[in-house]
Amino acid sequence: MKIHFVGIGGIGMSAVALHEFLNGNDVYGSNIEETERTAYLRKLGIPIFVPHSADNWYDPDLVIKTPAVRDDNPEIVRARMERVPIENRLHYFRDILKREKKEEFAVTGTDGKTTTTAMVAHVLKHLKKSPTVFLGGIMDSLEHGNYEKGNGPVVYELDESEEFFSEFSPNYLIITNARGDHLENYGNSLSRYRSAFEKISRNTDLVVTFAEDELTSHLGDVTFGVKKGTYTLEMRSASRAEQKAVVEKNGKRYLELKLKVPGFHNVLNALAVIALFDSLGYDLAPVLEALEEFRGVHRRFSIAFHDPETNIYVIDDYAHTPDEIRNLLQTAKEVFENEKIVVIFQPHRYSRLEREDGNFAKALQLADEVVVTEVYDAFEEKKNGVSGKMIWDSLKSLGKEAYFVEKLPELEKVIPVSENTVFLFVGAGDIIYSSRRFVERYQSSKSSPSRVLGSNK
């Protein structure tokens, strides 16, 4: 079958495209711009057109799109004119799963689902189960970063931003939490949002939930948490090299967990994975070995650069909700106790910023200094009065040293540079390219670091 993917550079779309390509289908696609994913897919032999155009047409049997692709996209318009079926990516992905009829491990929720999915996949690979993996991020141990084809069960990250996620029926499901992100896709109805999690839970054989989550804890056949749940934490210690935690089951000391990835939130992610595999009757010794070996996912506290002479670090992170940012900064302050923490944050989506408003500033105030950029729209229409300046204003009212830049190239004028500093480039948009430019400029100048201040402090 000949399949055209509109927006093939997206992390979820590229994984599905890879799956169909490696299963013998004639795959090609288009993207609004060149990305690392489009370059990788092209290297494998998948034709990709940039940008979108009605001329990007090879008489496909099927067109796949995401909700981010508008109905007036020229390729979608042409598909309708040519009477070619158009399917949403998530709908098509469900069809793939139904077609293949394999055992399914799924992870959904607001925060931590990519890392938790990666942990599940890593464990199954360690156990020689040969999983097929669809990941919403890049993990070095997967053959194609965000995808790997196997002969065993399917592991996938299930995006709750679309209500259709409730139509899936995995065998096993971890719900990390449910914080009402993307509520605009549920008619701004918390009840409708909750119902979607309830629906998918009814379709699942085993559900693992966070015992301290208000919306979904009751859905779990088994639960995990800090002090509440089937699996809990008795104590935890952490250093730059590793962290350890003592896990209790039903209130009794059960095992010791060791992780190389930092952050208390990752202890909870691993606890969810332990709860899952223990409930399924797996021998936990190799599961714990796999978790200790786990090295994380790209753009999740990824150290992109370190200058030992000046002790300057540059770290990339995908955090884009207030809770994720709070977890990130708590981790940074734990790992880098003696360094200054500077955050360069790019808000993601107008709808999220409007809904969360002051919550971003409350999370960001954990940093020593903050630079806020304008919003990365993620194909949303701009909303009047909604701007990154909202966060800047809130930070100033909290007494935090903060700066605002409207355009990313202006960052170099305002980033406060000094020795013994950790620069965190944070967001789900294109802020990572600013991180790379910052490192390039720093390496090229490599003079004695001096503090640079902008006029919009």
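Positions of Cβ are set from backbone N, Cα and C atoms, glycine also.
Here is what Swiss-Prot records for this protein:
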BINDING   G109, T110, D111, G112, K113, T114, T115  ATP binding site
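Classification of G109 (ATP binding site) by DSSP places it in coil, neither helical nor stranded. The Cβ of T115 (ATP binding site) has 29 other Cβ atoms within 10 Å, all protein chains considered. For the binding-site residues T110, T114, the greatest number of Cβ atoms within 10 Å around a candidate Cβ is found at T114. In sequence order, V107, G136, E157, L158, D159, T176 make up the list of same-chain residues 6 or more apart from K113 (ATP binding site) whose Cβ falls under 8 Å from its Cβ. Each of V107, T116, T176, N177, N269, E324 belongs to the same chain as G109, T110, D111, G112, K113, T114, T115, is absent from that list, and has a C-beta within 8 angstroms of the C-beta centroid marking the ATP site. Just so you know, the Cβ of G109 (ATP binding site) picks up 25 other Cβ atoms within 10 Å once every protein chain is counted.
For G112 (ATP binding site), the same-chain residues 6+ apart in sequence whose C-beta sits under 8 angstroms from its C-beta are T176, N177, H265, L268, N269, E324.
Cβ environment of D111 (ATP binding site): T176, N177, R179, H265, T321, D323, E324, N327 lie under 8 Å away, each six or more residues apart in the same chain.
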